[in-house]
Amino acid sequence: MSETAAMTAEAKPKMAVSETDVAIEIVGMNKWYGDFHVLKDINLKVMRGERIVVCGPSGSGKSTMIRCINRLEEHQKGDIIVDGITLTNDLKRIDEIRREVGMVFQHFNLFPHLTILENCTLAPIWVRKMPKKQAEEVAMHYLERVKIPEQALKYPGQLSGGQQQRVAIARSLCMNPRIMLFDEPTSALDPEMIKEVLDVMVGLAEEGMTMLCVTHEMGFARQVANRVIFMDAGQIVEENAPEPFFTNPQHERTQLFLSQILH
Amino acid sequence: MAATDVHYVRDEMAPVLPPPAASGGLLGWMRANLFSSLGNTALTLVGVLILWLLFEPLIRFALIDAVWTGANREACLGHHGACWPYVADYFSQFIYGRYPLGERWRVDIVFAAFAFGLVPLLVPSAPLKRANVIFMLVVFPVAAYFLLTGGFGMEIVETANWGGLLVTLVIAVTGIVASLPLGIVLALGRRSQMPVVRLASVVFIEFWRGVPLITVLFMSSVMLPLFLPEGVTFDKLLRALIGVALFASAYMAEVVRGGLQAIPKGQYEGAMALGLRYWQMMGLIIMPQALKMVIPGIVNTFIGLFKDTTLVLIIGLFDLLGQIQSSYTDPTWATPTQSHTGYLFAAAIYWTFCFSMSRYSIFMEKRLHTGHKR
Ligand SMILES: Nc1ncnc2c1ncn2[C@@H]1O[C@H](COP(=O)(O)OP(=O)(O)O)[C@@H](O)[C@H]1O
Ligand SMILES: [Mg+2]
């Protein structure tokens, strides 16, 4: 605990959050699955360089919310503005946003028929039209950053879960995104592999990446988050800086949730 | 006393050893797999007996009692085995049908070019894949078309004169080459978000799957001319080709759709989140995995198609089987064993082609297998 606190004190000043530059703005967003009202009046503003952790019980709509940001899900009411681009049905804008927003999934979603290197070079080559050689250099750079360059020619099925998730992060980074979304990146991992993935994410945070992370790793939240958001039943229930959020939760639902995950 | 609390501490790490050698050789394998128990031994003996009962007469007919030389029926009369000189005499007709004798070199070139293009295409390590594919999909079909039909100073050969293995291969290869891409497009159409595209695909697929191939062929040869304006003729072989290709593509579409359904949603999301467009996602991520998964089904359809080509006989085209059957009317070789010999020959050729496809698909499946499945 004291170690984390020391790291927090050390790491935080390095991460500059912009005062004026808005990365993501969600205004009055609502979404329904059929008759089921999944997201209710979501309002959220993420500044450039800001790191936000989203937590909440299963089924509360966390995944749905961040998947709306890169249009894996369509919202029905309200506005989502990413990097100054308003999300509409316009395919061109959706493509533009997806190019700027990287996403890491709970189940990695690597492409099993391609090697690790090909997984990483695919989008730069086909979406960014980067020459193959350059794309491979970029890919190797990021694979080194996530500490698995030696696995480049293997297939995803030959790697451990932690390694696969690090590849997934590298694959996103190869597109040089300005914003990264994480949807429970460590929930499908064996305990001993969680740290290697969190370390990579902490590294990213320290470099000033704008991050929106759905996670229940509270140590990670304390270490890197500027704000923690608690969702329940499709709404944002509480929002606070990590220290007060964990030590002094206001809403009773937050208290209940925290008491359950922190024992 | 504290030391006794520890029950066991390893003081030397176990060395890494090579795996034990596979035991046994042929005898060991037989003992383990065929004679491991009383029941297994009994099954093995029954199996051997059945094989013997099946294959002994076949081998006797095809090899031991067979007649190998002769000029006409006299040689084979009174023998109970296959009449191979008849097949030898008719061999070129079984291959070319009534293709003019002096022009058969053109067919030979087509066969040779086909083999020349196909073999390196099938060998994964062969170089120049791109050039190879272009050759097979563009150069070869065009060249084959002109070589077989004529033009550019070559004598025109009506398709009515084509026959034998030539017709079988033309129909089968065209059907195979056309049905895969068509089937893919139809499968994608059936899963499309656009209602019109989806409906059109469903109607197409269900129509062609709902009618027997014989009906399709009859319709194309009997009904179609009624709808065409007076004087317009439409080559009979071409009509059969189109019928077979569309028929096979409907089946192919359903096979491919099965593969598409097995791809987890996460693969689509992973691809979309990276910014891939629909066709990029389908072509680079979804289709390669879906097709790989349904290789057995695809090859199954190919094999079915290859054998279904024999149905063109009923619209008056002479494929390999038709050509063999038509030779039965020749009094020169009329003997009691003639038809058996002919059918045996036909079966051997069909089996060779189909079995090769099957083996190749197994090879490809193994090769495309990546990583450990759990
Ligand atoms: N495609 C869908 N169709 C219908 N309901 C869905 C769909 N996806 C999610 N839901 C429902 O929406 C709610 C929120 O889901 P989700 O965003 O995945 O929650 P979380 O990520 O917080 O666990 C859940 O009740 C879930 O059952
Ligand atoms: Mg979720």
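Cβ coordinates are placed from backbone N, Cα and C, and glycine is handled just like the others.
A TrEMBL annotation is a machine prediction, not a hand-curated record.
Residues or ranges marked as domain 'ABC transmembrane type-1' in TrEMBL: B:165-362.
Here TrEMBL flags B:34-55 (among others) as transmembrane segment.
Feature annotation from TrEMBL assigns transmembrane segment to B:107-127 (among others).
For B:133-153 (among others), the entry in TrEMBL reads transmembrane segment.
Long-range contacts of the transmembrane segment (B:165-187) within its own chain (CB-CB distance under 8 A, at least 6 residues past either end) are made by residues 94-97, 99, 107, 114, 137, 148, 201, 204-205, 237, 240-241, 244-246, 248-257, 260, 287, 291, 298, 301-302, 305-306, 309-310, 312, 317-323, 349, 353. Residues annotated as transmembrane segment in TrEMBL: B:165-187 (among others).
Annotated transmembrane segment per TrEMBL: B:207-228 (among others), in sequence order.
Per TrEMBL, transmembrane segment is recorded for B:240-258 (among others). Packing against the transmembrane segment (B:240-258) from elsewhere in the chain are residues 170-171, 174-176, 178-180, 182-184, 186-187, 190-191, 201, 204-209, 213, 216-217, 219-221, 290-291, 294, 297-298, 300-301, 304-305, 308-309, 312, 315, 317: each is 6 or more residues past its ends and has a CB under 8 Å from a CB in it.
Within its own chain, the transmembrane segment (B:278-299) has Cβ neighbours under 8 Å at 180, 184, 188, 252, 255-256, 258-260, 262-263, 267-268, 270-272, 357-358, 360-361, 364-365, 368, counting only residues six or more beyond its boundaries. Under the heading transmembrane segment, TrEMBL lists B:278-299 (among others).
The feature transmembrane segment is assigned by TrEMBL to B:340-358 (among others).
Here the transmembrane segment (B:107-127) does not lie next to the transmembrane segment (B:34-55) in space: the count of CB pairs under 8 Å, restricted to residues six or more apart, is fewer than 3.
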